[in-house]
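Asks: A single structure is presented below for examination.
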Amino acid sequence: MPQSHLSTIALQVTSTNHLKQFHAHLIRNALHRHSFWVPRLIAFCTRFHAPPPYARRVFDSAHQPSVFAFTNMLRYYYKWGSNQEVLSLFDEMRQCNLKPDPYAYPILIKAAGKSAVLFHSELIKRGHDCGMYIRNALVNAYGSYGPIEAARQVFDEMTDRSVRDWNSIIWGYWNLGDEGEAKRLFDLMLDKNVVTWTTMVTGYSKMNDLESARRYFDRMPEKTVVSWNAMLSGYAQNGFTEEALSLFRQMVSVGVSPNETTWVTVISSCSSHGDPGFIDSVVKILEERGISMNPFVKTALLDSYAKCGRLEMARKIFNELGACRNLVAWNSMISSHTRTGDLISARELFDQMLEKDVVTWNTMIAGYAQNGQSALAIELFKQMINERGVMPNEVTVVSVISACGHLGALELGYWVMEFITANGVKLSMSAYSSLIYMYSRCGSMDEAKMIFYEMEKQDVVSHNALITGLAAHGNGIEALKFLRKMKDEGIEPDRITYIGVLTACSHSGMLEEGKKVFESIEAPDIDHYACMVDLLGRVGKLDEAKRMIEEMPMRPHAGIYGSLLNASRIHKRLDLGEFAANKLFELEPENSGNYILLSNMYASAGKWKNVDRIRKLMKTRGLMTTTGWSWVEHDRKMHKFTVGDRSHEKSVKIYSKLAELNRKLQGLGYVADKSNVSRDVEDEEKEEMVGTHSEKLAVAFGLLVSEPGTVIRVVKNIRICLDCHTAIKMISKLEEREIIVRDNNRFHHFKDNVCSCNDYW
DNA sequence: TTAGGGTTAG
């Protein structure tokens with residue numbers, strides 16, 4: 001068959017399936033290894049998104065791949081997104097003693113990204129003439145990955161700047177966030193084209209300035225489908241879903257026909273729209289119009305289904321994608337599982353992946369962190385940085401630092417920050433906020449404040465993180481100070497802010513101030529009421545608190561009665577305590593804390609029959625099995641203890657330290673408080689066990705391993721009991737140590753036989 | 001065949 005005839009057939013190839021038929025045709029004619037056809041077949045693979053194994057087979061079928069074949073294969077991998085493959089194919093090319101042609105260098109420079117300078121210096125060293133393609137690729141690479149000065153230098157040294165070069169340097173400045181220089185160059189430019197205008201639209205979108213983006217969009221002398229897509233994705237990525245969808249409708253009505261990129265944006269907007277029916281209507285349109293779906297469209301569809309909770313549809317598309325599954329499809333599948341809390345399935349997919357990117361790691365790490373598996377989140381982070389190739393980014397920082405905060409792992413947090421700083425990972429606004437959260441959850445409010453002031457600009461989230469921390473530390477005065485500060489600076493407080501401030505007032509007994517804050521809230525919700533009940537109760541105005549519950553405009557939830565019960569305990573109001581507890585036994589029958597609080601109230605009133613009754617109730621409801629634990633960090637590891645625990649390797653030393661402390665305390669007049677109904681032990685064992693409560697073991701261990709004069713930080717999963725509270729208070733004086741215990745939601749700061757917090761069992 | 005638009009983590 002003559003070559004010209006084959007070329008005519010080749011022109012008719014419009015999809016991967018056609019391509020495969022045509023390929024088979026060539027094989028039958030023994031032409032598939034031909035130096036003319038191999039590069040062309042690879043170009044088809046690039047155009048129709050054929051999967052990598054197929055493209056590689058085509059490439060490998062060449063007897064001796066030509067420079068042309070190599071270049072096309074490099075381009076294929078680049079377009080597919082496998083920069084790593086581009087670079088390793090380049091190595092293969094060198095091993096074949098082939099020199100890259102002028103077309104290969106731009107691809108290599110783009111794929112190298114940050115390392116573009118390596119190719120640049122190689123070109124200079126060889127005295128290679130940097131043609132216009134290469135110069136443009138350099139401006140682009142330096143503009144995208146920095147340093148921008150290098151881009152500018154290449155740009156300035158040119159004597160024949162093309163529109164492309166101008167567009168690239170403008171894009172470089174947008175990438176850096178330098179709106180001024182981008183705009184200056186734009187205004188300076190004489191022959192702007194549609195790409196120049198589109199760059200401005202994208203640039204402003206990147207800066208979250210949608211109004212300016214739209215202004216440029218509306219002023220464009222001409223628009224292509226890419227311009228529309230740029231504006232659409234600007235809206236979509238900034239969360240303006242409605243605007244995106246309405247612009248899409250406008251686009252269709254003026255007769256611009258959407259391409260695959262348009263559909264990708266529209267589909268992803270559907271999933272943030274929240275209406276699960278939306279996606280079906282888009283699919284219907286796609287089917288009616290017979291639109292071919294490339295892997296991007298299919299992946300966007302997969303993600304949308306997953307986000308709407310239709311996992312079976314997502315899985316179906318994932319399977320259909322087969323070899324076309326890219327990283328994004330995998331990542332999306334993983335997050336669809338972590339979203340529903342199915343960490344096992346998520347981890348299975350994660351482990352199956354041969355190639356992972358930073359999003360893959362972040363998805364899994366965040367999955368652990370958000371599902372209460374902080375230790376696993378940190379474990380995976382360690383694995384991530386040990387495996388070369390993937391550098392954590394600001395998103396990773398948020399999850400890992402929050403996990404450290406959750407655990408109270410301060411040393412680990414320092415270590416993470418050291419790594420982040422050493423590797424030049426930039427901190428995002430939310431990373432700063434999670435740092436504030438971490439320091440305050442680790443009991444270090446000074447450092448939390450330091451980070452807060454280090455921020456260029458604080459937002460509502462960072463204020464909330466700080467205020468919530470201050471609340472947990474019982475610092476109402478400062479919490480109010482920061483509320484005023486944010487109002488003065490025009491930052492609108494939200495519901496979280498008010499919960500924090502009210503809690504802080506409550507923990508400091510600031511009734512009048514709290515009332516004023518409460519009255520200033522435009523539409524207080526149930527949690528704000530709960531804070532007020534707590535505040536009134538703590539200062540002893542229990543009847544007023546009960547009245548508030550009766551008169552509030554919504555149905556009280558467990559938090560409301562929980563506050564009342566706690567206040568009844570503090571002020572020894574058995575009647576109200578019984579009332580609140582009975583409500584709680586109905587609302588949350590599984591929460592053993594309520595039973596213990598009531599039972600302890602009976603115990604301190606000497607009503608032992610009632611104590612027995614509650615304990616029996618707990619037993620019949622199967623609530624005696626949960627154990628409390630405490631942990632303390634040493635050498636970036638968490639050392640965990642339960643009551644009477646002897647499993648720690650330093651157990652012998654810990655127990656003798658504890659015995660020594662007990663002797664000294666008794667000498668100072670300490671008597672063990674046994675009124676607390678320990679949930680872990682039977683009566684006969686109780687007397688012995690009180691001395692070995694988990695927080696005491698943790699403190700003893702802390703004293704053994706830490707430097708004199710340093711703070712000992714203990715984290716407990718449930719409330720500290722009165723006995724431990726008394727004992728640790730005395731230990732702080734005896735050993736001249738600052739001891740911080742974080743239980744449920746509060747900090748007990750023990751120093752010199754003092755602790756201002758009286759929330760205990 | 002070197003410039004602008006696409007899906008995923010928070």
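Our numbering is plain: 1 for the first residue shown, then up by one each step along the chain.
Cβ atoms are placed via backbone N, Cα and C, with glycine included.
Feature list, courtesy of TrEMBL:
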type: REPEAT; residues: A:66-100; note: repeat 'PPR'
type: REPEAT; residues: A:193-223; note: repeat 'PPR'
type: REPEAT; residues: A:224-258; note: repeat 'PPR'
type: REPEAT; residues: A:326-356; note: repeat 'PPR'
type: REPEAT; residues: A:357-392; note: repeat 'PPR'
type: REPEAT; residues: A:428-458; note: repeat 'PPR'
type: REPEAT; residues: A:459-493; note: repeat 'PPR'
type: REPEAT; residues: A:525-555; note: repeat 'PPR'
type: DOMAIN; residues: A:669-761; note: domain 'DYW'
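On this model, are these features tucked inside or out on the surface, and what's nearby?
Replies: Counting residue by residue with DSSP, the repeat 'PPR' (A:66-100) contains 27 helix, 0 strand, 8 coil.
In the repeat 'PPR' (A:193-223), the DSSP tally of helix, strand and coil residues is 23 helix, 0 strand, 8 coil.
Same-chain neighbours of the repeat 'PPR' (A:224-258): 194, 197-198, 201-202, 204-205, 208, 210, 213-214, 217, 265-266, 268-269, 272-273, counting only residues six or more beyond its ends whose CB sits under 8 Å from a CB of the stretch.
Secondary structure by DSSP for the repeat 'PPR' (A:326-356): 23 helix, 0 strand, 8 coil.
With helix defined as DSSP H, G or I and strand as E or B, the repeat 'PPR' (A:357-392) counts 26 helix, 0 strand, 10 coil.
Note on the repeat 'PPR' (A:428-458): residues 394-395, 397-398, 401-402, 404-406, 408-410, 413, 417, 464-466, 468-470, 472-473, 475, 486, 489, 491, 711, 713, 740, 742, 747, 749 of its chain, located 6 or more positions outside it, place their CB under 8 angstroms from a CB of the stretch.
Residues belonging to the repeat 'PPR' (A:459-493) score a mean pLDDT of 96 in the model.
Sequence-distant contacts of the repeat 'PPR' (A:525-555) (same chain, six or more residues past either end, CB-CB distance under 8 Å): 495, 498-499, 502-503, 505-507, 509-511, 514-515, 518, 561-564, 566-568, 570-571, 573, 576, 579.
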Asks: Using a Cβ cut-off under 8 Å, which residues of the same chain at least 6 positions beyond either end of the repeat 'PPR' (A:357-392) come close to it?
Replies: 84, 327-328, 330-331, 334-335, 337-338, 341, 343, 346-347, 350, 398-400, 402-404, 406-407, 409, 412, 416, 419-420, 423, 425, 638
Asks: In the domain 'DYW' (A:669-761), how many residues does DSSP assign to helix, to strand and to coil?
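Replies: Secondary-structure breakdown of the domain 'DYW' (A:669-761): 33 helix, 15 strand, 45 coil.
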Asks: What residues elsewhere in the chain lie close to the repeat 'PPR' (A:66-100), defined as a C-beta under 8 angstroms and at least 6 residues from its ends?
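Replies: Tertiary neighbours of the repeat 'PPR' (A:66-100) are 35, 38-39, 42-43, 45-46, 49, 52, 55, 59, 107-108, 110-113, 326-327, 355, 389.
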Asks: When you scan the chain for residues with a C-beta under 8 Å from the repeat 'PPR' (A:193-223), skipping those not six or more beyond its ends, what do you find?
Replies: 163-164, 166-167, 170-171, 174-175, 177, 179, 182-183, 186, 230-231, 233-235, 237-238, 240, 243, 256
Asks: Can you break down the repeat 'PPR' (A:224-258) into helix, strand and coil residue counts using DSSP?
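Replies: DSSP classes over the repeat 'PPR' (A:224-258) add up to 26 helix, 0 strand, 9 coil.
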